[in-house]
Protein chains: 2
Amino acid sequence: MSNPPQTPVVGMAGGGQLARMTQQAAIALGVPLRVLAGSADDSAAKVVADVQVGDDRALDDLMAFAKGCDVVTFDHEHVPDLHIREVEISGVPCRPGSAALAHAQDKLVMRDRLSAFGAPCPAYAPLPSADPVPALEAFGREHGWPVVLKATRGGYDGKGVWIADEPGVETAELVERLIGEGVDLMVEQHVQFRRELAALVARSPYGQGAAYPIVETVQNDGICVEVISPAPGLSGELAAEAQSLALRIADELGVAGLLAVELFETGAPEGGQGGGSGLVVNELAMRPHNSGHWTIEGARTSQFEQHLRAVLDLPLGSTEPTAPYTVMANVLGGDDPDVYSRYVHVMAHDPGVKVHMYGKESRPGRKIGHVTVLGDDLPDLRERARHAADYLRWGTAMKEHA
Amino acid sequence: MSNPPQTPVVGMAGGGQLARMTQQAAIALGVPLRVLAGSADDSAAKVVADVQVGDDRALDDLMAFAKGCDVVTFDHEHVPDLHIREVEISGVPCRPGSAALAHAQDKLVMRDRLSAFGAPCPAYAPLPSADPVPALEAFGREHGWPVVLKATRGGYDGKGVWIADEPGVETAELVERLIGEGVDLMVEQHVQFRRELAALVARSPYGQGAAYPIVETVQNDGICVEVISPAPGLSGELAAEAQSLALRIADELGVAGLLAVELFETGAPEGGQGGGSGLVVNELAMRPHNSGHWTIEGARTSQFEQHLRAVLDLPLGSTEPTAPYTVMANVLGGDDPDVYSRYVHVMAHDPGVKVHMYGKESRPGRKIGHVTVLGDDLPDLRERARHAADYLRWGTAMKEHA
């Protein structure tokens, strides 16, 4: 295929929904997107002309893929960092680069680096693979129970995270089993939080930064089910602090592309007594993020376009919101995989709801799409988003499934 | 490729920018889009996974293409109506269908049908291929000179339209030459208009209709260069009349999909003296239309999503505007085809401008993209859109090329 002169080809390793939605932005920018997908049935492979089917964790496949690209970026964190380094050595820039991405790939590396420049983190410690239980129990004695066990690498959507309520046989067995399976573990203080927030920023190689409004994320069983932008009732001071923190992290880590910082807002739960608010960093992601899907309609520049601009070292786009509030709800798979037949109700019921489906086979609990609504009446928006997401899942309102 | 159960495949004949932008909407809806493109280098072929390369005016290619589709629609008007009829007979619905589409393919058929139910049209007459000049001169005597000569079929962007200022040798030679080339001609009264408007509506097979705000279109040498939504200063009465007229035409003609009605607002030019305003139908298109590109960001439902919903017989989406004003400017090719290198200035200058490029080779005067800006300060928006479009064309502001 011939492309207009000088237009760079962006390669994205991974064929999931993030690559799929990046394609929508690439189409507008006239930038050819190549995708390295595990199969021609992957979410993004179904909607991109230039697909290489291969294993993005295999060096040969990655190197062959990178050869046709002017810049390589990622749909997920699971491409081995040494392979990314090989691509960089071959002369194709990776954005984010291997040095930055290490902090999104390894939670212990991230904690060490963030703590070093004073970003707020919970207390944490690595667990030695030899004799881990005494170290864990010592951590619990110092910081209190429960504690959070995390696989340092490879987790997502609540996978790779375990809560240990108290010391004892059960906890010891869990730790021994995981270490026996070859999982590298760390332990973190269990943070008391009021709610979860996310800060989304972009940083270009040139050094330009741009911050989106801070959002509230609502999780269910470790899976994000709803995002509200901006986070309702968040003080301007704390919002600015969260944006500055995310921009600082992007800068310190030398991120090129998007950076999503998942945050805990500490303090007593809403309506409860006690202490002021504060922020603690939970996780990092260096790519378009579920907490930023609302930007497709809710911000002047979608996170997908912003990521492309950043990895291409183009000037970043406006992050201005397009409505007072935007609510995004994830669509999870239900029992009946025929989601399309449920469009009629959802669209007739609410002509303003924006439906985004990922072309993925529906399996119970799997993220297969999301819906977005915009406006100024937040309770109404939340109800509309929830109704649409529930109906696409169940074919009826969620309450009838309670 | 396997798709989720029951999800219909939409086929679009033609691989231009309308199919390209339809792909962005198809991705969101999770609806697989198949494109019949003249070459793998076509605008849409570069961004769609499921492309058949073939000639959409050749019956065999069209029939083979349609076989894999649940519904077939069109990126342009140039697929022969008898071929569309064959597809319909084979059991694959075409939307719009051949009966409706005839009115967008043949200007004389359109005028006859519209006049029959009282839609406002200029005076018109067919020109006989034998001895056309006396008929033309009689028409000019009755309705005044100049008159407008039109090829009944195949025109676009000002092609297929000629102004004849007066009777005489020059006009006679033009008519004889065209008829000699096999062009079917008609003549129309030259309408005195204040400005050009466009009404965009959708109609589903179920019969649901939805109307977008009426826009003003600004033409230059027969090519639309700018669209302003809503048309500034248009009375609510005339706007409602234009919407009703377009919905009525969609209904009378049995359109399934989008219908764009290009209109003249009659009366003295702005600032001039004389008569009240009125509407006259200029042209029809039954597909996403250049006058509706503003809807991608400027309306809750883009025209591309709306077209897909309509051809799939899904409930139509909200046409509510997302900002007080939206301005779209077409990007035409300039002397230097390296448009990408000019992104840096355009994006740094104006982080809020939305750039849409079509992946087409730049040639002087060719439509290769468009830009959109939204807000409430119309003069500022027009200036911003013009600056971005001019800069992408010339690498400098237009005024320096004047």
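For all residues, glycine too, the Cβ spot is worked out from N, Cα and C.
Around A:His190 (ATP binding site), the same-chain residues at least 6 positions away in sequence with a Cβ under 8 Å from its Cβ are A:Pro122, A:Gly144, A:Trp145, A:Pro146, A:Val147, A:Val148, A:Ile163. A:His190 (ATP binding site) falls outside any helix or strand according to DSSP and counts as coil. Residues or ranges marked as ATP binding site by TrEMBL: A:Lys107, A:Lys150, A:Glu188, A:Gln189, A:His190, A:Val191, A:Glu196, A:Asn282, A:Glu283.
For A:111-312, the entry in TrEMBL reads domain 'ATP-grasp'.
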Residues that sit under 8 angstroms from A:Glu188 (ATP binding site) by C-beta distance, when 6+ apart in the chain: A:Arg111, A:Pro122, A:Ala123, A:Tyr124, A:Val147, A:Val148, A:Lys150
Integer mean pLDDT for the domain 'ATP-grasp' (A:111-312): 93
Nonlocal residues around A:Glu196 (ATP binding site), in sequence order (Cβ under 8 Å, 6 or more apart): A:Glu216, A:Thr217, A:Val218, A:Gln219, A:Glu262, A:Leu263, A:Phe264, A:Glu265, A:Asn282
CB within-chain contacts under 8 A for A:Lys107 (ATP binding site), separation at least 6: A:Lys150, A:Ala151, A:Thr152, A:Arg153, A:Gly155, A:Met186, A:Glu283
